[in-house]
Ligand SMILES: Nc1nc(=O)c2c([nH]1)NC[C@@H]1CN(c3ccc(C(=O)N[C@@H](CCC(=O)O)C(=O)O)cc3)C=[N+]21
């Protein structure tokens, strides 16, 4: 089998097109547009590029974008004060504080200070709890939500009853991905660094999600024939004798593509969908805050 390549860029564009239509409808009917605040502490160049892309795509969808760039020396108290002022700002419907934060700042405390109704990352315990309770009003973390949207497209007959293996148990991807798949009635196994015979476990997966942050760790012979493979990894690897770093996923793409039915590439797979889902969560959050109906499902 030779896999079809799941076009995350196109899927993200299609979602952003729907969002733009919804935003212009809201503007016409209610005279407001959703606003997203992104907070970046420190000057990590990769993070800066990523924040710039988010700002651009937010504006392209007709939404308001508020960027707050703070120096790495910002104190925890100053950051908490900013978050609290964004919580009170009616023009701000979604708040994202870019992670990781400098070591002198307690990231969990910052997350718990964000108003759960504006927590478009879905990292607040109120939202993680709601997701694990199967509460449809939970704001769901963007990366797993994007993965689920792409998975659904691959299975017109539905994913209920399929075996899903999630490799990685992080709070931002592995755990919420597992919760979403449980809610979809998959049979879910979460694997991690202590898992015994990971290759054999992965070979049981109809749906294989790799979210470990180790370049090309998942090999081709770990993939069941006809499986759908979602590669969440975005690893920058510096090749000898080459100037620019190359982006690779957590899956050895060429090998896996020989056995999978479909697979996401890196770049151009999960990453673009993550940003589109952030915008989607912002529109959904804004509609709830204004108590208007949102036509995004
Ligand atoms: N509070 C918080 N929420 C996040 O969602 C969050 C965060 N912090 N910190 C950083 C990570 C990273 N992340 C990415 C999203 C999209 C791409 C993306 O679009 N990548 C492109 C390639 C970009 C490139 O070329 O570098 C792609 O995969 O095609 C990458 C990385 C969200 N994160």
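Just so you know, glycine gets a Cβ as well, placed from its N, Cα and C.
Look at TrEMBL and you will find 6-121 tagged as domain 'Tetrahydrofolate dehydrogenase/cyclohydrolase catalytic'. According to TrEMBL, the feature domain 'Tetrahydrofolate dehydrogenase/cyclohydrolase NAD(P)-binding' maps to 141-289. What TrEMBL lists as NADP(+) binding site is 168, 169, 170, 234.
Here the features listed in TrEMBL are placed on the structure.
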{"residue": "168", "record": "NADP(+) binding site", "CB count, 10 Å": "23"}
{"residue": "169", "record": "NADP(+) binding site", "CB count, 10 Å": "18"}
{"residue": "170", "record": "NADP(+) binding site", "CB count, 10 Å": "16"}
{"residue": "234", "record": "NADP(+) binding site", "CB count, 10 Å": "20"}
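The binding-site residues near ligand 1, defined by a Cβ under 6 Å from one of its atoms, are 234, chosen from 168, 169, 170, 234. Put simply, the two farthest-apart Cα atoms among 168, 169, 170, 234, the recorded binders of NADP(+), are 16 Å from each other.
Here the domain 'Tetrahydrofolate dehydrogenase/cyclohydrolase NAD(P)-binding' (141-289) has a mean pLDDT of 97 out of 100.
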